[in-house]
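Novice: Here's a structure for you.
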Amino acid sequence: MMSLIVKDLQRYPFHLVDPSPWPFVASFSALIILLGGVLYFHTYQGSLVILFFGIFFLLLIIFVWWRDVVRESTFEGNHTTMVQLGMRYGIMLFIFSEVILFIAFFWAFFHNSLIPALETGVVWPPKGIQFFSPWDIPFLNTIILLLSGCAVTWSHNCIISGFRRQAIFSLILTIGLALIFTIFQIYEYAIASFHLSDGAYGSTFFMITGLHGFHVIVGTFFLFVCMFRLVQYHFTMQHHYGFEAATWYWHFVDVVWLFLFVSIYWWGSF
């Protein structure tokens with residue numbers, strides 16, 4: 001009996017996760033999204049149904065997967081100091097991979113802008129493109145996103161200091177600013193005089209700003225989950241890795257937007 005008890009005791013600080021179907025199912029839903037997106041760009045009938053089904057399926061998988069992670073961390077106590085250290089390295093590598101992704105699209109933008117092709121009239125922006133003034137909606141969105149970065153840092157410091165109410169308020173403020181940013185970005189797309197298919201400028205502009213907008217939406221969802229967990233007393237002054245990861249991700253979104261504003265809206269309008 002004693003040998004069984006000793007065998008069951010965990011004598012290492014690492015968390016050996018149980019077999020999970022969520023990685024495989026999530027990759028399958030990502031395949032559905034990719035298929036729906038390709039069919040949509042080729043104007044196939046019913047492609048939007050496939051695309052939105054894949055998005056809904058992926059959101060559902062994210063919900064149940066994060067639910068399992070929260071259970072392992074908050075209720076089972078599996079996220080030791082060593083596990084949290086590994087997760088911090090993981091989110092750093094994830095953000096680094098996101099930086100590489102954005103570099104690829106910015107590379108395409110600078111390649112076309114610094115060496116304009118004959119098809120664009122050897123000028124940049126191409127003739128006929130009525131680009132946005134950087135000091136209208138783009139500048140307003142810059143202020144909004146910087147304020148949201150300050151608000152999420154305020155919330156993080158409040159958690160560390162034990163000021164729970166202030167942490168909840170500042171996190172709600174962050175989410176509100178993120179939603180306002182998204183609304184302004186959608187409005188900017190609606191009034192744009194060019195589209196995704198309008199040459200190199202249209203494709204690079206909408207791909208970069210759209211990719212950033214997608215990350216803003218993901219980050220907003222991330223912060224909303226953190227707000228729910230904060231209300232449910234899941235975070236303490238010492239143990240709040242989930243919130244730290246969301247904060248790092250949101251600051252990454254801020255930095256990308258600053259570079260995007262300077263390179264595409266300001267420098268790209270000359």
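Each residue, glycine too, has its Cβ placed from N, Cα and C.
The following feature annotations were taken from Swiss-Prot:
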type: TRANSMEM; residues: 21-41; note: transmembrane segment
type: TRANSMEM; residues: 46-66; note: transmembrane segment
type: TRANSMEM; residues: 90-110; note: transmembrane segment
type: TRANSMEM; residues: 131-151; note: transmembrane segment
type: TRANSMEM; residues: 167-187; note: transmembrane segment
type: TRANSMEM; residues: 205-225; note: transmembrane segment
type: TRANSMEM; residues: 248-268; note: transmembrane segment
Novice: For the transmembrane segment (90-110), which stretch among 21-41, 46-66, 205-225 has the most Cβ pairs under 8 A?
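Specialist: By the under-8 Å Cβ criterion, the transmembrane segment (90-110) pairs most with 205-225.
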Novice: Among 46-66, 131-151, 167-187, point out the range having the most Cβ pairs under 8 angstroms from the transmembrane segment (205-225).
Specialist: 167-187
